[in-house]
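In what follows, a single structure is set out as structure tokens and then discussed.
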Amino acid sequence: MTLPSNNSTSPVFEFFLICFPSFQSWQHWLSLPLSLLFLLAMGANATLLITIYLEASLHQPLYYLLSLLSLLDIVLCLTVIPKVLAIFWFDLRSISFPACFLQVFIMNSFLTMESCTFMIMAYDRYVAICKPLQYSSIITDQFVARAAIFVVARNGLLTMPIPILSSRLRYCAGHIIKNCICTNVSVSKLSCDDITLNQSYQFVIGWTLLGSDLILIVLSYFFILKTVLRIKGEGDMAKALGTCGSHFILILFFTTVLLVLVITNLARKRIPPDVPILLNILHHLIPPALNPIVYGVRTKEIKQGIQNLLRRL
């Protein structure tokens, strides 16, 4: 495909995505592991959703939260990965103006929704381990419903201005985005307007939301750890530490990659441009692939539910 020049001053109706500028010839090979991860993420999350829906014994607050996390993972994967694979396989690099900013909105809002869901799940584990006698009265179906509304409303409303601000910019610096996906940073760099407000709002809101969630997650697991260390039975202690430890490591991976992405964007002149592009893609693949395994499949009730589901097929 012949790409337009980035010196064009004509109105922009579509953008062109350039994946891995330095490794164009490797894209077909890279598509193979990405496709496998995509299929794993979609299959694992879909299986978890179907299992929880069909198994009456799993109609409990914890599993409703797992369903919410799986739904967010599926939407994030479908927003990003099919377009990336279409570029790799069919050289379909163009993306319309509205589709690009819809992608910006979904990525910003759903990533912060996922962070907020992690925080609520950490609170759920805190109540279960630190206040077990009060669990059934605190973590109710009504609590989960209110939490889900909070997750969607807080993050959807606060991240909505990011694509709105970007879509109102004048794009006279070209059409070519040096990325596989429409991120706010890569798109707004093409504008000939001042993007200070745009970039500042995303930075402040993004890290306020993610930072507050992370602080509450760390506090929850700190109190969980204190309680677990008081458990007398070594087997029970090891089981609790193993479960909570794997949860916390997954959350740490989620936030660490976001932090690395921010650092690479700030120091982009010193870092190869393909590094943040790859991190962006992996961040939309690895957590969705691991979440149902770490949070769901390792749970005895989920395993039993999947076995029951397979018997019905």
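Cβ atoms are placed via backbone N, Cα and C, with glycine included.
According to Swiss-Prot, the protein carries these features:
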type	residues	note
TOPO_DOM	1-33	topological domain 'Extracellular'
CARBOHYD	Asn6	N-linked glycosylation site
CARBOHYD	Asn7	N-linked glycosylation site
TRANSMEM	34-54	transmembrane segment
TOPO_DOM	55-67	topological domain 'Cytoplasmic'
TRANSMEM	68-88	transmembrane segment
TOPO_DOM	89-100	topological domain 'Extracellular'
DISULFID	Cys100-Cys182	disulfide bond
TRANSMEM	101-121	transmembrane segment
TOPO_DOM	122-146	topological domain 'Cytoplasmic'
TRANSMEM	147-167	transmembrane segment
TOPO_DOM	168-203	topological domain 'Extracellular'
CARBOHYD	Asn184	N-linked glycosylation site
CARBOHYD	Asn198	N-linked glycosylation site
TRANSMEM	204-224	transmembrane segment
TOPO_DOM	225-246	topological domain 'Cytoplasmic'
TRANSMEM	247-267	transmembrane segment
TOPO_DOM	268-276	topological domain 'Extracellular'
TRANSMEM	277-297	transmembrane segment
TOPO_DOM	298-313	topological domain 'Cytoplasmic'
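Annotated features taken from Swiss-Prot, shown on the structure.
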residue: Cys100; record: disulfide bond; CB count, 10 Å: 24
residue: Cys182; record: disulfide bond; CB count, 10 Å: 26
residue: Asn184; record: N-linked glycosylation site; CB count, 10 Å: 25
residue: Asn198; record: N-linked glycosylation site; CB count, 10 Å: 23
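Only sequence-distant pairs (6 or more apart) were considered; of these, fewer than three Cβ pairs between the transmembrane segment (277-297) and the transmembrane segment (147-167) are under 8 A, so the stretches are not in contact. Each residue of the topological domain 'Extracellular' (89-100) gets a DSSP state, and the totals for helix, strand and coil are 6 helix, 3 strand, 3 coil. In the three-state DSSP reading, Cys182 (disulfide bond) counts as coil.
When Cβ-Cβ distances below 8 Å are used as the criterion, the transmembrane segment (68-88) is approached by residues 17, 19, 27-28, 30-31, 34-35, 38, 41-42, 45-46, 48-49, 95, 103, 106-107, 110-111, 113-114, 117-118, 121, 148, 151, 180-181, 281, 284-285, 287-288, 291-292, 295-296 of the same chain, each at least six residues removed from its ends. Sequence-distant neighbours of the transmembrane segment (204-224) (same chain, 6+ residues past either end, Cβ-Cβ under 8 Å): 108, 112, 115-116, 118-119, 122-123, 125-126, 129-130, 154-155, 158-159, 161-162, 240, 244, 247-248, 251, 255, 258, 262. If you average pLDDT over the topological domain 'Cytoplasmic' (122-146) in this model, you get 94. The Cα of Asn198 (N-linked glycosylation site) lies closest to that of Asn184, out of the recorded positions Cys100, Cys182, Asn184.
Distance noted between the C-alpha atoms of Asn184 (N-linked glycosylation site) and Cys100 (disulfide bond) is 9 Å. Taking Cβ pairs closer than 8 Å, the topological domain 'Extracellular' (89-100) reaches residues 1, 3, 12-18, 28, 31, 83, 167, 177, 182, 187 in its own chain, all 6 or more past its ends.
Residues 47-48, 50-52, 54-55, 57-58, 63, 66, 243, 246 of the same chain, all 6+ positions outside the topological domain 'Cytoplasmic' (298-313), place their C-beta atoms under 8 angstroms from a C-beta of that stretch. Look at Asn198 (N-linked glycosylation site): DSSP puts it in a helix.
Only residues 6 or more beyond the boundaries of the topological domain 'Cytoplasmic' (122-146), in the same chain, are considered here, and those with a CB under 8 A from a CB of the stretch are 61-62, 64-65, 216-217, 220-221, 223-224, 227-228, 240, 244, 247, 251.
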